[in-house]
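J.: My structure is below; once you've seen it, I'll send some questions.
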C-alpha cells in the first residue's frame, strides 16, 4: 500500500524493512486489544499467557531465527552481518515499545464487554457424529490451501527473483491486487469448508479455519524448495542454511497472515449465519 502511494521505492534500499519494523512496533496496541477481546469472548481464563504469547511468540521466533543466521554471517566474516548495536536497538524496540503497547492494548481489551453471541450456547457440548472422509479435518485443511496458493503462484516467482537474484521488483500495484485476491480467496475457501463442517454437525471450526487457510504456507515452502533446486546455484552449508532460514521466517509470517484471514472470515460467517437462522 505504501509503495503504491509512492512512499516506498526500489531506489531507497532498506525502506521496506524499516517501514515493516515501525508498523509492527506501533501496531502492538491493536494486537493486544483484539487478542484480549477475542480470548475473553471465547471464554479463555489464562489471560496472562494469552498476553505474553501475543507479545512474545511471533517476534521471538523471528528474532531467534534472525539471530542464528546473523551468527553464521559473523562466523564467515561477511559484510552482510548486522552490527551488534543494531540488534540491541531491535531488542529495545521490542521490549520497550512493542511489549508495553501490547499490554496496554490487552488491558483495555479485557475491560470491554465480551462479544455477545447471536444465539444461546449450550453449557454441555453436543456429541459430534461420526464424520465421513470428506468432512475429516485433514483433507479439508490440505485442500483449503490450494486455491489461495494458486493466486500468488506467478507473482511469487518474481518476488523470489527480486530477493535472491538481485532483480528489481517494481510492480507494487499488481502486488496489491494479488494480495486483495489472496484475502478474498482465503476467506471464501475457509467459509465454504466451514459451512460443510457445520452442516455435518461438527462445530469445532476455530482452529480448523486457521489451519485451513494457513496451510497455504506449506505450499509456499514447497515452492521455495523447488525454486532453490531449479533456479539457484547456491553452494556451501552456510549459504544453504541462510536461504532456508530466511525462507522459514517468510513462511511462518505468511502462515500467521493467511491463518488469521481464514479465522476472521469464519468468525464473521458463523456469527452472521446464526444471527439469521432460528436455533432451537
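Cβ atoms here come from the backbone N, Cα and C positions, even for glycine.
Annotations in TrEMBL come from automatic prediction, not curation.
So TrEMBL lists the following for this protein:
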- 15-39: transmembrane segment (TRANSMEM)
- 51-75: transmembrane segment (TRANSMEM)
- 87-110: transmembrane segment (TRANSMEM)
- 141-164: transmembrane segment (TRANSMEM)
- 170-198: transmembrane segment (TRANSMEM)
- 210-229: transmembrane segment (TRANSMEM)
- 241-270: transmembrane segment (TRANSMEM)
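Mind mapping these onto the model and telling me what they sit next to?
T.: Among residues of the same chain six or more beyond the transmembrane segment (15-39), those with a C-beta under 8 A of the stretch's C-beta atoms are 2-3, 7-9, 47, 50-51, 54-55, 59, 90, 93-94, 97-110, 112, 114-115.
Residues 21, 24-26, 28-37, 40, 47, 50-51, 54-56, 59, 63, 67, 70 of the same chain sit 6 or more residues outside the transmembrane segment (87-110) yet have a Cβ under 8 Å from a Cβ within it.
Here the transmembrane segment (170-198) has long-range neighbours at 1, 3-4, 8, 10, 134-135, 140, 143-144, 147-148, 151-152, 155, 158-159, 204-205, 208-209, 212-213, 216, 258, 261-266, 269-270, 273, meaning same-chain residues at least 6 beyond its ends whose C-beta is under 8 angstroms from one of its own.
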J.: Give residue numbers and ranges for long-range contacts of the transmembrane segment (51-75): same chain, 6 or more residues beyond its ends, CB-CB under 8 A.
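T.: Apart from its flanks, the transmembrane segment (51-75) reaches 24, 28, 31-32, 35-36, 81-82, 87, 90-91, 94, 98-99, 102-103, 106, 238, 241-242, 245-246, 248-249, 252-253, 256.
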